[in-house]
Each structure stands twice: as C-alpha cells, then as structure tokens.
Amino acid sequence: MENKNQKRFVLIHGVCHGAWTWDKVKTQLEVAGHCVTAVDLAASGINMTKVEEIQTLNDYCKPLLEFLSSLGSDDGKVIVVAHSMGGISAALAADSFACKIAAIVFLTAFMPDTINPPAYVYEKLLRSIPQEEWLDTTCVNYGKPDFPLQYTLLGPKFMAKKMYQNSPVQDLEVVKTLVRENPLVTNNLAGTRSFSEEGYGSVTRIYIVCREDLVEVEDYQRWMISNFPPKEVMEIKCADHMPMFSKPQEVCALLLEIANKYCKN
C-alpha cells in the first residue's frame with residue numbers, strides 16, 4: 001500500500017566526500033518510511049569522472065542535475081538536503097528545477113545569495129582562514145594557465161582536528177580511505193553570474209546551524225543567514241562539521257520535522 005505521508009529526500013555531500021556520507025541518516029529516514037536518494041557528484045564516491053574533466057560547476061553537479069531532470073510530475077516535490085560545499089550545488093539545482101523542490105535544507109552548508117557570484121560565500125570564508133590552519137590539506141591548480149581551476153584533497157590531520165572532532169573515531173578511519181580529490185567552487189569554476197530570484201531565490205530555505213563546526217564556524221553560519229535570510233533557522237548543539245556522523249539522530253529528527261512542515265505532497 002502506498003504511504004501517503006512518504007516524502008522524497010535528495011542528499012548532497014560536501015567537498016571530497018560522497019553519497020556514503022549520508023549512510024546513517026539515509027537509513028533512519030528510510031526506516032521512517034521515506035524515499036531517499038544520496039547523489040555522488042562528479043569525481044566523488046563511485047562516480048568515475050576524473051577531477052581534471054570538471055571545467056564548470058555544471059560539470060561537477062551533472063549527476064544531481066540529471067537525477068532531478070529524471071523526476072516526473074508523479075514523483076512530487078523533493079526536499080534537497082545539502083552539506084558544506086553541497087549548498088552551492090543545491091542552489092544551482094534550484095535555479096533549474098525550482099518547481100521540483102519543496103525546500104532546500106542547508107546543513108552547515110554554504111548558502112549563496114542571489115546578488116553575488118555563486119562562489120562568493122565560499123571565497124569569503126577562505127580569505128578568513130590562515131593557510132597554516134589547513135594543515136595537511138592539499139590544493140592543486142589544473143586547467144588552463146590563464147584560467148586556473150583548483151582541486152583539493154582534505155588531509156587526515158585536518159579532518160581529525162577541524163571536521164570530525166566530535167564524531168566517532170572509527171568513522172573517521174573509514175572516511176580517510178574514501179575521500180577523493182574534488183574541485184573547489186571558485187569563481188573560475190562557477191562563473192560570476194549570480195543565481196536567480198525566480199529560480200533558486202523562489203525556493204523555501206531552511207538553515208541548520210552546527211554549533212561546534214570548526215570549519216564553517218557558528219559566527220560564519222550566522223553571517224550567511226543574515227546575508228540571505230532563510231525561512232527558518234534550526235540548530236544542533238555539539239555538532240561538528242560532520243553532523244551526519246556526530247549527531248545523526250538529531251539530523252534525522254530535524255529533517256522529518258522540516259518534511260512534515262514544508263513538503264505537502
């Protein structure tokens with residue numbers, strides 16, 4: 001029998017990670033009776049694209065855009081949940097498929113506005129972090145010399161100290177074997193044209209603040225919220241940059257609350 005209360009979630013991972021990031025949350029949402037798709041962006045997870053093949057933000061987000069394009073009117077609207085750099089991917093998707101999205105949930109994610117270039121919020125944070133704080137994270141230029149792009153690989157020490165400090169140690173050990181080189185969403189990758197008011201700007205947004213994030217620190221998350229106010233702000237205490245590992249039950253509970261409130265399929 002069809003579950004009339006079933007919601008459809010689309011989960012977007014952050015830089016260097018993959019769909020596997022969401023395994024704990026995905027399982028809990030499915031047990032609650034919902035349909036969940038966690039997407040591997042290009043050159044992420046099991047997606048076979050090479051990072052050097054990614055020349056634009058559209059290239060990087062191609063798997064997400066193709067999935068949303070495949071949804072028909074019978075599928076109902078989806079709740080897009082974006083983590084970290086995935087917030088910029090979610091905004092791009094909303095610009096093309098606003099009519100298919102009930103809401104975007106930014107889980108300690110970069111939340112672009114509709115005035116500045118897509119990479120504005122990321123590059124603002126980047127300027128505020130001293131180079132030495134990236135520890136063993138590497139960053140490499142690729143592409144054309146006169147139009148350089150960049151990819152990164154998060155270092156084990158950086159992940160342990162800045163990203164997973166409240167998460168189970170055994171989870172981090174697995175993560176170290178799964179992260180891949182990913183493009184950084186710079187102005188050269190994303191372009192300088194802002195996301196549109198009629199597309200991305202028309203979609204309901206909810207921001208979940210992670211109080212103990214040491215990458216996108218709470219003050220910075222609050223700045224993004226004031227820069228482009230969402231419909232609602234929630235928070236998770238004691239959550240690090242990876243709340244799907246440090247606080248999966250709390251993440252799931254908030255997503256279910258959001259789905260019931262904002263998705264009326």
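Each Cβ is built from the backbone N, Cα and C atoms, and glycine gets one as well.
Pulled from Swiss-Prot, these are the features on record:
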type	residues	note
ACT_SITE	Ser84	active site, acyl-ester intermediate
ACT_SITE	Asp213	active site, charge relay system
ACT_SITE	His241	active site, charge relay system
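If you measure from the Cα atom of the residue listed as 'active site, acyl-ester intermediate' to that of Asp213 (active site, charge relay system), you get 11 Å. Distance between Cα atoms for His241 (active site, charge relay system) and Asp213 (active site, charge relay system): 4 Å, as a whole number.
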